[in-house]
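Take a look at this one; I'll ask things after.
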Amino acid sequence: MAGPLRAPLLLLAILAVALAVSPAAGASPGKPPRLVGGPMDASVEEEGVRRALDFAVSEYNKASNDMYHSRALQVVRARKQIVAGVNYFLDVELGRTTCTKTQPNLDNCPFHEQPHLKRKAFCSFQIYTVPWQGTMTLSKSTCQDA
């Protein structure tokens, strides 16, 4: 009698294992499954995200011909991807400050309020970092006036 039950039990066991290892196994209802090694949402409060943001804004200011510094008004979206290091993908709204590029401290610079000097940009940055080597690179940067 054990023979006839063996095949269905074997099929049931194979099905259970296949479901357990499938990418959809850990998915929440209504959300697509997260891929291992794929980009995932990150908090702006994470130290790595903050460092990547500071680096990207610094590089933006270096490349800009504007006499004023810009700084982040709002981080619209932050994602990270673990590779042979970490890729950060940041969508950021930047605002022009009253501080000129000759002023070293950007943290306390207020944003311009005068209409003819006020300027905003929306930027998408990709930053690659290898924290244990202390390296950070701006891989991609696209900005448009907001």
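Please read every residue number as a count from 1 along the shown chain.
Glycine residues also receive a Cβ, built from the backbone N, Cα and C atoms like all the rest.
Below are the features I grabbed from Swiss-Prot:
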type     : residues      : note
SIGNAL   : 1-26          : signal peptide
SITE     : Gly37         : site 'Reactive site'
MOD_RES  : Ser43         : phosphoserine
MOTIF    : 81-85         : motif 'Secondary area of contact'
DISULFID : Cys99-Cys109  : disulfide bond
DISULFID : Cys123-Cys143 : disulfide bond
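Quick one: how deep are these features, and who are their neighbours?
In this structure, Gly37 (site 'Reactive site') belongs to neither helix nor strand by DSSP; it is coil. Sequence-distant neighbours of Gly37 (site 'Reactive site') (same chain, 6+ residues apart, CB-CB distance under 8 A): Gln81, Ile82, Val83.
According to DSSP, Ser43 (phosphoserine) is assigned to coil rather than to any helix or strand. On its own chain, Ser43 (phosphoserine) has Val49, Ala78 as residues at least 6 apart in sequence with a Cβ closer than 8 Å to its own Cβ.
Tertiary proximity for the motif 'Secondary area of contact' (81-85) is limited to same-chain residues at least six positions away from its ends with a CB under 8 Å from its CB atoms, namely 37-40, 128-131, 133, 135.
Listed in sequence order, Tyr68, His69, Asn105, Leu106, Cys109 are the same-chain residues six or more apart from Cys99 (disulfide bond) with CB atoms under 8 A from its CB. For the recorded site, Cys99 (disulfide bond), the DSSP three-state label reads strand.
Taking all protein chains in view, 20 other C-beta atoms sit within 10 angstroms of the C-beta of Cys123 (disulfide bond).
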For Cys109 (disulfide bond), just count the other CB atoms lying within 10 A of its CB, please.
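Cβ-Cβ neighbours of Cys109 (disulfide bond) within 10 Å number 18.
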For Cys143 (disulfide bond), which residues in the same chain are close in space, meaning a Cβ under 8 Å from its Cβ, but six or more apart along the sequence?
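When sequence neighbours closer than 6 are ignored, Cys143 (disulfide bond) has Tyr60, Leu94, Ala121, Phe122, Cys123, Ser124 within Cβ distance under 8 Å.
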